[in-house]
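S.K.: From TrEMBL, for reference:
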DOMAIN    15-172  domain 'Nitroreductase'
BINDING   16, 17, 18, 45, 141, 142, 143  FMN binding site
Ligand SMILES: Cc1cc2nc3c(=O)[nH]c(=O)nc-3n(C[C@H](O)[C@H](O)[C@H](O)COP(=O)(O)O)c2cc1C
């Protein structure tokens, strides 16, 4: 089932919603390139390009499940019960494409605060999520599957000394119908400032 897209760009932004349960097909190779290129248009103070992406697809997804779940169990996380492991494995087995997201830590940068680099990386992910939606696929950002377990980060080639691992984007075709999301009214989050009180 394809997500309803995008009569106009604003309609696309307003209809994006996260879709956890996904299946094939994944975006085609040229679509994946467009999706990743969209990430490059994120706002980025100092042009540090702090975002990094690791594409995981095909048989590598089963390997990731093995590596990550074993590492989570080794870490002693009590939430990783046999039932939880089974459900995570089933979820991952359905997803045709993961993109691991990381922020490259700019050790020698003294000008741009670290949180601004994190924000730039978050913006790059937002562009990915919107591009996925605009191409008619679904995506879900998850910090499950051992995101905060150092062995998992290392296994992905994201040495914790140099990278902050920010989770996975699961990407594919929605496994079932996606009803519209119930979004808040912007007025509840906005004030206008007209001068000092
Ligand atoms: C950094 C980040 C990590 C997230 N990790 C999880 C997660 O591990 N599990 C989860 O259920 N939702 C997680 N979410 C929330 C979902 O990705 C999604 O945003 C949420 O279900 C709301 O859906 P929406 O994007 O359509 O508003 C995360 C969101 C962000 C921004």
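Each position is counted from 1, following the chain as shown.
Backbone N, Cα and C atoms are what each Cβ position is placed from, and that goes for glycine too.
Computed from a predicted structure; not experimentally measured.
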S.K.: Ten-angstrom check, please: count other Cβ atoms within 10 Å of the Cβ of residue 17 (FMN binding site), all chains counted.
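M.R.: Taking all protein chains shown, residue 17 (FMN binding site) has 18 Cβ neighbours within 10 Å.
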S.K.: When DSSP is mapped onto helix/strand/coil, what comes out for residue 143 (FMN binding site)?
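M.R.: DSSP call for residue 143 (FMN binding site): coil, neither helix nor strand.
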S.K.: The record names 16, 17, 18, 45, 141, 142, 143 as the residues that bind FMN; what is their largest Cα to Cα distance in Å?
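M.R.: Greatest Cα-Cα span of the listed binding residues: 28 Å.
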S.K.: Just counting, how many other CB atoms are there within 10 A of the CB of residue 18 (FMN binding site)?
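M.R.: Result for residue 18 (FMN binding site): 15 other Cβ atoms within 10 Å.
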S.K.: Just to be sure I understand the packing, how many Cβ atoms besides its own are within 10 Å of the Cβ of residue 45 (FMN binding site)?
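M.R.: That number is 13.
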S.K.: Counting every protein chain present, what is the number of Cβ atoms, excluding its own, within 10 Å of the Cβ of residue 141 (FMN binding site)?
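M.R.: Taking every protein chain into account, the count is 18.
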S.K.: Let me know how many other Cβ atoms fall within 10 Å of the Cβ of residue 142 (FMN binding site).
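M.R.: Its Cβ shell of radius 10 Å holds 17 other Cβ atoms.
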S.K.: Sorted by position, what residues of the same chain at least six away from residue 16 (FMN binding site) have a C-beta under 8 A from it?
M.R.: 129, 130, 133
